[in-house]
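Engineer: From Swiss-Prot, for reference:
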ZN_FING   231-343  zinc finger
BINDING   CYS231, HIS336, CYS338, CYS343  Zn(2+) binding site
REGION    399-423  region 'Disordered'
COMPBIAS  399-409  compositional bias 'Polar residues'
Amino acid sequence: MYPRGVKRSQHDRHKQTAFRTIKRSITHRPTSKFISHFAKNFRGKLAPLKQLDESRLDALSLTELEQLKTIIEEKQQEKRAQNNAITFLPNLPTVPFADTNFSIKSLGLRPYNGDARDPKQRIRDRFPQTHERICLLTNDILETDLLLRYRQCLDSLTREENQQLMGDRIFSLTNSPCLAFTVATVEEACSYFKFHDLHNLPVNPQDLFMYTITVMKFEFFNKLNMAKLTCVFNDNGHGDIEYRKLRQLCGKPVLDREMPNSEFEVQQQTPDSFRHPIQQAMSIVVTFARILRQIKEHIIRTKKPQFIRDFDTERVAERYECGLISRLIGKQFSNHKCDDVSCQNRIERIMAPWKPSLFFCTYFAKDAPKFKLFPNLPHEYRNLSFTCPKVDMEPSCSYSTSRDLPQTSHRSHKNQGTPKVKSKVCVEKPDTSNLTTTKTTTEILIEESMETDNKIPDPRELNFNQAKQDEIVIININENVNSKHESESSVEMDLDLDYEADTCETNLNTYSSDSE
């Protein structure tokens, strides 16, 4: 407030009026005074938002709402196409990805003369054959033309073949049996990345190995996360904080605690700045994924070939060596020592492949399913079918009719009298001179049981069979009442309850063997 007798200056009056006008425009209050240029622009931006009124939407009919829904979906597809242009690359020519200008002599490579198969056959077959060599030395990977031939084969694939190949690789990554297989896949992609950086080749973002590095980052973290990482990182102290750093490095949310650095700052750090080997290995994969994302963006914008050296400012690819990630992971887990049995068991499980536990088969040879495999598989793998050996005995789940079963005397429910003599059942033996036309009794029973299962029962027949069964039971009971019964001690089998109790007892102290 100004003192009495002092008038406000004209400048302050205009400033206060402009502030009041902006405040009214923000709160959508009508005003009769002049509106500043800022308020006009602000109100113009709010005009489309006013059109989305609930009363107007309620006034629309069902047809108009369907049309509005169609328009919104089309706009969303256009937005997705613009945002995902880096992924699909629809308007890019093949010139930035072509490597026809590069030869073995210009790159300083030597021809590969090892035992590995031709890259065209490997890409066609999707997985190695039996006893095929896939473990290569570092010199064979970086100094020969083997990876260059892989690059040429991948560039020559059609869009459908490339998508099929990438889908198979992503499926194998997400369903990896153990951490060892995931680490081997990550090493394969990083070695391919190293080869492009070493020989300064232009990057193809649609490449099989380049495209799936981002997927590898998340699957690599998922496999590592199966271990008790808070205990593994606790060797140098602060295991919880180091685990949260790993989550930030992989882009996973950390909401339960405030971290000193943001996710962006952690991902920009070099691998050498981290304390633990697992963090260093993850930092290498994250750095390669970030470089590829930047390369994709520049290819979309410039439509020119891009190289790794132009984006790898910290020279991470230059310092990377083939097999470095597996050595870092092995170093971290092998040097970890703790008294936690669950931590040791987890490390052992994630490093060893899972073992299937199929103890018996429920399929018969006749009903066994036959799985059709991919037509591009090798010839020796095309005729695979999941079958079980032929069963000669009748399955326990099937049943036979009462007229086909051998007639045996029924025991009485009473426990008195002398034992009765078991009646012998005579089964006609098949003629050995005509084996081709004769069927065994078991096969006849199986066929009749299958026919009975497939037949629709008649209610009248069911009632007749039930009455006939009751009549047979009554006759058998009346016959056995007048007969003498055997004593209880000579017939009844004593259950060895002590043996069952010993075998069914669960020993709760079974952790001593694990700790040893």
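Even glycines carry a Cβ here, placed using N, Cα and C.
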Engineer: Could you pull the average pLDDT for the zinc finger (231-343)?
Structural biologist: 90
Engineer: Can you tell which of CYS231, HIS336, CYS338, CYS343 has the least company, meaning the fewest other C-beta atoms within 10 angstroms of its C-beta, among these binding-site residues?
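Structural biologist: Checked CYS231, HIS336, CYS338, CYS343; of these binding-site residues, fewest Cβ neighbours within 10 Å: CYS338.
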Engineer: So, three-state DSSP: helix, strand or coil for CYS338 (Zn(2+) binding site)?
Structural biologist: coil
Engineer: Starting from the Zn(2+) site formed by CYS231, HIS336, CYS338, CYS343, give every other residue of that chain whose CB sits within 8 Å of the mean position of their CB atoms, in sequence order.
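Structural biologist: The answer, listed by sequence position, is LYS228, VAL232, ASN234, LYS337, ASP340, GLN344, ILE347.
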Engineer: Summarise the zinc finger (231-343) by DSSP state, stating how many residues are helix, strand and coil.
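Structural biologist: Going by DSSP assignments, the zinc finger (231-343) contains 72 helix, 0 strand, 41 coil.
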